[in-house]
Amino acid sequence: MAAAISSSSAAAHRLFCSPPPSVRPSGPSSPLFLSFLLKAPLKPRFSLRHRALPPLSASYADDVFAFDDKPREECGVFGIIGDPDAARMCFLGLHALQHRGQEGAGIVSSDGTALHSRTGLGLVSKVFSRSSELDPLVGSAAIGHNRYSTAGAASALANVQPFVAGYRFGQLAVAHNGNLVNYDSLRCELESKGSVFKTSSDTEVILHLIATSSSGPLLARIVEALEELEGAYSLVFLTADKLFAARDPHGFRPLVMGRRSNGAVTFASETCALGLVGAEYVREVNPGEVIVVDIHDMSINTSCLLSKKPRKCCVFEHVYFALPNSVVFGHPVHAARYNFGAALARESPAPGADIVIPVPDSGFFAALGFAEASGLPFRQGLIRSHYVGRSFIEPNQEERNLAVKLKLAPIDGVLEGKSVVVIDDSIVRGTTSSKIVQLIKNTGKAREVHMRIASPPIIGCCYYGVDTPRAEELISNRLDVEGVRQALGSDSLAFLSLESLKAAFGDEACMFCDACFTRKYPVPPREHEIFNMVDK
């Protein structure tokens, strides 16, 4: 990440690709390093300009999403401070958050004087396949990140977080869950002032903003940088002696705080990660809040330093993203999904149906709610293979047609001759749903298939940290319900109404973002950002 650096004082605020001596990566899979305050000016070596991604072809969409036609949560973050085994606790936390990102993982630790890092491509268990790989990550504080990439740079190691920066005032690591809708404009402004970017991740903008801040203390620099951001962010920062946690003023993405019995303080995208490391849930990090924990005395300072805005939590966390054993935005996920299914049964029953089955795994609790509310037997009619990865499918039509059969297997003895209600959490493109219908009918020999979807039709893209297809690829944006039913080949189709979805949250319904169902965006996406979705 070279920069056009002059001999003026402004050079102290610009970034270039050179790790400071005090940063000691544990191997070649180390995160982005940024350094400041050059003793001598350097000439730029290269400049990576951000460019619009080419349109996705239908065949590419089928290739990539053949197994799981769902929106993708782009990141999971974890942080811990005050634990002598911080890196290993961080590893466990990332393992619990693996569903939030499977294409890259990393951990940065602090020993009180320096930061130590390791990142890599693949699952957490692959990046840290041997316990010895955690040994260099010494210290009592650590942050970690799971990454899911968008289509632009699916395997770019440079984009794997946490990122580590060396400033004139010390080192800083950051991990980010979310998406900045003003990324392009911020990047262009920073580049015009001499900053040069190495990655295609919007997280790098945050580091540049901190570098160019006119404030003195690091906390003030962080707050000044965050005030420039528009969109969604749940962040954990790590220095040699402090851990920071921050959340955007709308609270789009989740971030919770916990505490272990030994006094260690933890932060995570979901409460399921707290349980795995033996931490008790304390509370959410509030929207607009910045929390600072000191490694020396474990003091916790918290302030709502960002401008207050209407709370708009992502409702899709409850529909699909979060694990059912998590509590997200103060609501148990399994209970919300159960209530979605029960409401769906009351709104759109399936007269004459024999059984209710879920599309595993995310449809389970909604199917249970539908079955109990309708009085129909709940059955497990599809078995999911957890050992088939997306990369197994080759980009040709024959292999793509095998995708659902490789992942889902019908149980003939449950389905044969039955009128089956199939509960899924959502329909995005419809490619997987249509294959599931055919699988149940043709292979499972069901008499009828009635699709019931435990969320409203998805008609809008998300710009707040969820990788959704373009609007023209969303089947419910192109077709009405009957048109979607015909495309799927099911005997009937119904979606949960938006009113019933909101009713599940009672008086707090207005605090949820439902833009994917309504196109009513709390932070309107800038026109050029719509076509330049960045990689996480």
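Every residue, even glycine, has its Cβ placed from backbone N, Cα and C.
Unlike curated records, TrEMBL annotations are generated automatically.
Not measured: the values here are computed from a predicted model.
TrEMBL lists Cys75 with the feature active site, nucleophile. A 10 Å cutoff on Cβ-Cβ distances gives Cys75 (active site, nucleophile) a total of 26 other Cβ atoms nearby, all chains included.
The annotation [4Fe-4S] cluster binding site is assigned in TrEMBL to Cys314, Cys462, Cys513, Cys516. Of all Cβ atoms in the protein chains displayed, 27 besides its own lie within 10 Å of the Cβ of Cys516 ([4Fe-4S] cluster binding site).
Residues or ranges marked as Mg(2+) binding site by TrEMBL: Ser362, Asp424, Asp425.
What TrEMBL lists as domain 'Glutamine amidotransferase type-2' is 75-296.
Geometry remark: Asp424 (Mg(2+) binding site) versus Cys462 ([4Fe-4S] cluster binding site), CA distance 20 Å.
Of the listed binding-site residues, namely Cys314, Cys462, Cys513, the sparsest CB environment within 10 A is found at Cys462. Asp424 (Mg(2+) binding site): 23 other CB atoms within 10 A of its CB, across all protein chains. Within 8 A of the CB centroid of the [4Fe-4S] cluster site residues Cys314, Cys462, Cys513, Cys516, the other residues of that chain are Phe252, Val315, Phe316, Tyr464, Val466, Asp514, Ala515. The two recorded residues Asp425 (Mg(2+) binding site) and Cys75 (active site, nucleophile) have their Cα atoms spaced 20 Å from each other. Within 10 Å of the Cα of Cys75 (active site, nucleophile), not one of the binding-site residues from the list Cys462, Cys513, Cys516 places its own Cα.
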